[in-house]
Ligand SMILES: Cc1ncc(COP(=O)(O)O)c(C=O)c1O
């Protein structure tokens, strides 16, 4: 049952040009959009991969650029009428190149997964060996899952993390690389809370003559704001998403040096994709423009400060924080010291309005919790709010709080920080 706008506090509604038309024509879908906007505004979005894009990004997404077919690249399209969208794509590419210091940027990938697929298509042949973080340790589906193209078409060798510290063991990565002689090494994760040592990975890749692919889907927004190390100087190819800390539209991006530019572009179109989505590319350009500002740099540093504060407060409440803390926007934790396993913990927290994911833990078979601070920081929350969230969080897991009372408190807290103020 969707939450209606009537139940939403002031500022928690969402309206834009054309919405009244949608409401009149298709009230069923309009209600779902309003209900979802209210859900996002009245609960705490702690999913590490989510954020609130700006109204300007949403405006570009909902624009007539969505009507345009544009196979190919600016100046070399398979369709007519691309003069203006060509300009939008050139702006997006130029802004991405400047933002990340890359010689080449491809902004057409429809998602993070399709960016990784294109990177493999550009550098590898089916059957090649690839070394990547194992899925039980935080590797992504595209890093060798048998349920994904990666595991079906390539021979993945997994590296792990130290079961005690939760940290990548670079000596193990090097030993595996020397043993298996991979064609490519992938560094990047869905759940690793620490900075990745790209220089060490480059050194290992050079040692065995492998390509280095950085899948920076998670930290790329922090990189844009100067709050995390940049993989661009070290990796042959950097794959990323644009919708996490970077706060752009849902989509992917690839960065590389000039010598691989043509191979990457051909791997995206026509090898793995058809027409570029020009509304999304325009929205990426808007997000890159926002990410160039001092305000965005300050935001990314606050995201990390909030994640550190949340990790420390949850640690003080008795949760076991993987690696003892975080350098980034995300943290992972084992809630079992509070007497509840990850999946049950996620359910209890959800009913109290705290929305997050479960994740693998570096030790044993149990599942932990993964949470991130990108969205709540966009809302304007700081360290005092992180301390309050940790108390509510642990109280709900311990059963100290009636979930309905906690839900009310979450609504009150979230309501003070509307993601789209009126
Ligand atoms: C490391 C990593 N790679 C790839 C992806 C895939 O991104 P998408 O969901 O846009 O396909 C993700 C998404 O969370 C990710 O964390």
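Note: Cβ is positioned from N, Cα and C throughout, glycine not excepted.
Predicted automatically and left uncurated, TrEMBL annotations should be read as such.
Among the features that TrEMBL reports, domain 'Serine hydroxymethyltransferase-like' is placed at 23-391. Per TrEMBL, the feature (6S)-5,6,7,8-tetrahydrofolate binding site maps to 135, 139, 140, 141, 259. For 243, the entry in TrEMBL reads site 'Plays an important role in substrate specificity'. What TrEMBL records for 244 is N6-(pyridoxal phosphate)lysine.
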Here the mean pLDDT of the domain 'Serine hydroxymethyltransferase-like' (23-391) is 97
Residue 139 ((6S)-5,6,7,8-tetrahydrofolate binding site) and residue 244 (N6-(pyridoxal phosphate)lysine), compared by Cα position, are separated in whole Å by 17
Counting every protein chain shown, other Cβ atoms within 10 Å of the Cβ of residue 141 ((6S)-5,6,7,8-tetrahydrofolate binding site) number 16
Of 135, 139, 140, 141, 243, 244, the recorded positions with C-beta less than 6 Å from an atom of ligand 1, in sequence order, are 140
Cα nearest residue 244 (N6-(pyridoxal phosphate)lysine) among binding-site residues (135, 140, 141) -> 140
Quick note, residue 141 ((6S)-5,6,7,8-tetrahydrofolate binding site) and residue 243 (site 'Plays an important role in substrate specificity'): C-alpha atoms separated, nearest Å, by 18
The rounded CA-CA distance in Å from residue 243 (site 'Plays an important role in substrate specificity') to residue 135 ((6S)-5,6,7,8-tetrahydrofolate binding site) is 22
All chains considered, the count of other Cβ atoms within 10 Å of the Cβ of residue 259 ((6S)-5,6,7,8-tetrahydrofolate binding site) is 10
